[in-house]
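Feature list (source: TrEMBL):
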- 70-182: domain '3-dehydroquinate synthase N-terminal' (DOMAIN)
- 74-79, 108-112, 132-133, Lys145, Lys154, 172-175: NAD(+) binding site (BINDING)
- 184-327: domain '3-dehydroquinate synthase C-terminal' (DOMAIN)
- Glu187, His250, His267: Zn(2+) binding site (BINDING)
Amino acid sequence: MSRYTLEVDLGDRSYPIHIGEGLLSQADLFKPHVAGKVAMICTNTTVGPLYADRLKTSLLDAGAKSVFTVSLPDGEEYKDWPNLQLVFDALLQNHCDRKTVLVALGGGVVGDMGGFAASAFMRGIPFIQVPTTLLSQVDSSVGGKTGINHPLGKNMIGAFYQPEMVVTDISTLNTLPDRELSCGLAEIIKHGAIADTAYLDLVEQNMPALLRRDPELLALVVKRSCEIKADVVSKDEREGGIRAILNFGHTFGHAIEAGMGYGQWYHGEAVGCGMVVAAELCRRMGRLSAEEAARLKKVVVDARLPVIPPVLGVDKYMALMAHDKKADSGSIKYVLLNGLGRASTSPADEALVRQTLLEMGAGD
Ligand SMILES: NC(=O)c1ccc[n+]([C@@H]2O[C@H](COP(=O)([O-])OP(=O)(O)OC[C@H]3O[C@@H](n4cnc5c(N)ncnc54)[C@H](O)[C@@H]3O)[C@@H](O)[C@H]2O)c1
Ligand SMILES: O=C(O)C(=O)C[C@@H](O)[C@H](O)[C@H](O)COP(=O)(O)O
Ligand SMILES: [Zn+2]
């Protein structure tokens, strides 16, 4: 089984991403990073019962003096202030200090909340990502975007805060529900669509094997997606420019998540559908051919992701998208494809966006 180590190149904040099978049990990976107290954050259902003991044993074997668990409720709807407060409560009740290492074990929700808690507790404590969903392994554990949701908008409160290391154990994907596997495929398709058509080809041609969870192939796509993301992040850590391409499909996707109520449409589902809406917009703007837009839609369908936007009404979509973090002086900026594999941000004619949403089924 292949084993990969990549580096996210950010000067004195550079860090490794370790990818392979069985890494939760490899104490040596954690040895350079843990010596004192460790706060391990996970969900109280699923990931906690499945993997917390295994990771705790490794952390103790690596030299941690003590490891305590902060258990959070499971779901996007809990990525909010009250649950972030629970993390701070636990850190204080357990007498954590600036040397305490926070380990986020789980999917993107735990990773985003854990990272934000680490960025803010005593103004910053060391943080390790141990992602266990395909989505978090290919995307959210890398790059340092952390935060929580607001009812009016996704990830509205947060910080850029990089982990010390990412440990990605591919074998955790064996227990992942099919719906969550598809969510990870959405971000993988995104990476191909914005930056690498050869990667998009590979994903397209190997979709059945990916859905079967071929471990060698999963390790390969985790590696390639992390390479693509790390490359963009190392050029523009705080999204002054090029990093925004990682938001392809997210302007529409985030509106779907917030508009439906967090947790109704999963992030990857909303992004999958959001990419199809964005591609259709690009087709209407003459940036993508009909064949390219149809091809992207087919890959999303093949990944078992939805492609028809939910009926929120076009006004609601526009109101939600107005809060998008890429908006500039009231003008919404979209990530658009100029042919598959090439992305940039640009405003779009509001009437065209409205018409596209309406004709794709988003409701009038
Ligand atoms: N920071 C970033 O750059 C970034 C990038 C992409 C997404 N995100 C965020 O990530 C979140 C979505 O992450 P997600 O899709 O991982 O969702 P998630 O964290 O909610 O996890 C999905 C579900 O899978 C379960 N689970 C996790 N690992 C499992 C395993 N190995 N076996 C069985 N069940 C398992 C979880 O308990 C949960 O119910 C969103 O909040 C999104 O905004 C952040
Ligand atoms: O890392 C990035 O940059 C991304 O945009 C990756 C996205 O997949 C991710 O969902 C991110 O959390 C969205 O960021 P936001 O700034 O739009 O909230
Ligand atoms: Zn995303």
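Just so it is clear, glycine is given a Cβ too, placed from its N, Cα and C backbone atoms.
Distribution of TrEMBL features across the structure.
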residue : record              : Cβ neighbours (10 Å)
Asp74   : NAD(+) binding site : 19
Glu77   : NAD(+) binding site : 14
Gly108  : NAD(+) binding site : 25
Gly111  : NAD(+) binding site : 29
Thr133  : NAD(+) binding site : 27
Thr172  : NAD(+) binding site : 25
Thr175  : NAD(+) binding site : 12
Glu187  : Zn(2+) binding site : 27
His250  : Zn(2+) binding site : 27
His267  : Zn(2+) binding site : 28
Item to check | Spatial separation of His250 (Zn(2+) binding site) from Gly111 (NAD(+) binding site) - C-alpha basis, Å | outcome: 18
Checklist entry - Which one is it: of the binding-site residues Glu187, His250, His267, whose Cα lies the shortest distance from the Cα of Glu77 (NAD(+) binding site)? => result His267
Item to check | Rounded Cα-Cα span from Thr172 (NAD(+) binding site) to His250 (Zn(2+) binding site), Å | outcome: 26
Checklist outcome for this item: Within 8 Å of the Cβ centroid of Glu187, His250, His267, the other same-chain residues by Cβ around the recorded Zn(2+) site are Leu135, Asp139, Ala186, Lys190, Gly249, Gly253, Gly268, Ala270, Val271, Gly274
Checklist entry - Along the domain '3-dehydroquinate synthase N-terminal' (70-182), what average pLDDT does this model show? => result 98
Checklist outcome for this item: Rounding to whole Å, the Cα atoms of Thr172 (NAD(+) binding site) and Glu187 (Zn(2+) binding site) are apart by 18
Next on the checklist: Running a distance check here. Ligand 2 versus the binding-site residues Asp74, Gly108, Gly111, His250: which have CB less than 6 Å from one of its atoms?
Outcome noted: His250
Next on the checklist: Give me the CA-CA distance between Gly108 (NAD(+) binding site) and His267 (Zn(2+) binding site), in Å, as a whole number.
Outcome noted: 9
Item to check | DSSP-derived structure type at Asp74 (NAD(+) binding site), helix or strand or else coil | outcome: coil
Checklist entry - What is the separation, in Å, between the Cα atoms of Thr133 (NAD(+) binding site) and Glu187 (Zn(2+) binding site)? => result 12
Checklist entry - In the domain '3-dehydroquinate synthase C-terminal' (184-327), how many residues does DSSP call helix, how many strand, and how many coil? => result 103 helix, 0 strand, 41 coil
